[in-house]
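Asks: Dumping the structure here so I can ask a few things about it.
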């Protein structure tokens, strides 16, 4: 949450711990007072919420603090929006944001009908009801536009299938070096950055190795369902791939890397891509000590075997320096041969 907030220029000054009650997070009156006190203490203009709260709790926080309330889903969408270049990416972000806001606006509408209208969205029940209906129409319109793009993308996929070229999808988390590796394999000059989520729209290009490579949007730990739904057409490119290439940052702590591997398996399962041949590459080896990288490789190999049914192998690479690429490509060809055998 802190890393994401920095990306859109927010500086976290205070925090309040919220605990689960009966399996879900709830805001008690005591916690609400604590939030208000800390907000007043630092003169905060924005309240960030890490856990997903019920709409009623969000409304209570807005009423009590009179501040903008941004949860993790909206924060992610703000970050995505700062890098959205294509029409499809902008539509996907719009769909996710509108879909996420609908339950909140519905709760405001219910409150207004009970005479509990909060200060925001004021203007009476009619105005809120009108806004709610406009939001629903916007969601429907955006879905139609995305469907048109999906149909065009399907035509391109069919052309790729007819060409007989295999498709390798580079997947992984933000800042793992996916675009750098994509550029190395394809001779492209796609923009790279130390900022997360530089890639929002997928790009396919022919490598000099005889297969197509696609650079995909970065995975997110504990990704909200609204984002998976909105970016489904983009994630669909992963479903169409012949082999998945999961890129990991070897400079990260082993526990975090293992968590990323496990979360990646969940994401792939959610988009019906878990049973695809998968190659794992530990990137940035030029920044990692030899003993450290060997320990991580040995432990991650076992983790990958346990969570990926079609795990083929693991390679150590440096996309920046071009190290270990031959080893990785050999494992990719092994994965392609395995797919053809099924």
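Please read every residue number as a count from 1 along the shown chain.
Cβ from N, Cα, C; glycine included.
Sharing the feature lines straight out of TrEMBL:
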- 132-159: coiled coil (COILED)
- 166-259: domain 'Hflx-type G' (DOMAIN)
- 172-179, 197-201, 215-218, 318-320: GTP binding site (BINDING)
- 179, 199: Mg(2+) binding site (BINDING)
Asks: Six or more residues out from either end of the coiled coil (132-159), which same-chain residues have a Cβ under 8 Å from its Cβ atoms?
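Replies: Distal contacts: 87-88, 91-92, 94-95, 98-99, 101-102, 105-106, 109, 233, 236-237, 240.
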Asks: Using all protein chains shown, find which of the binding-site residues 217, 319 scores highest when you count other CB atoms within 10 A of its CB.
Replies: 319
Asks: Judged by the number of other CB atoms within 10 angstroms, which among 175, 179 is the least packed of the binding-site residues?
Replies: 175
Asks: 172, 178: which of these binding-site residues has the sparsest Cβ neighbourhood within 10 Å?
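Replies: Among the binding-site residues 172, 178, the sparsest Cβ neighbourhood within 10 Å belongs to 172.
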Asks: Helix, strand or coil by DSSP: which one applies to residue 217 (GTP binding site)?
Replies: coil
Asks: Measuring Cα to Cα, tell me the gap between residue 217 (GTP binding site) and residue 179 (Mg(2+) binding site) in whole angstrom.
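Replies: That separation, Cα to Cα, works out to 10 Å.
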Asks: Per-residue pLDDT averaged over the coiled coil (132-159) comes to what?
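Replies: Mean pLDDT across the coiled coil (132-159) comes out at 87.
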Asks: At the Cα level, what's the spacing in Å between residue 319 (GTP binding site) and residue 179 (Mg(2+) binding site), rounded?
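Replies: So the alpha carbons of residue 319 (GTP binding site) and residue 179 (Mg(2+) binding site) sit roughly 9 Å from each other.
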Asks: Distance check, please: Cα of residue 179 (Mg(2+) binding site) against Cα of residue 172 (GTP binding site), rounded to an integer number of angstrom.
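Replies: So the Cα of residue 172 (GTP binding site) lies 11 Å away from that of residue 179 (Mg(2+) binding site).
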Asks: Check the DSSP secondary structure of residue 178 (GTP binding site), expressed as helix, strand or coil.
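Replies: DSSP assigns residue 178 (GTP binding site) to helix.
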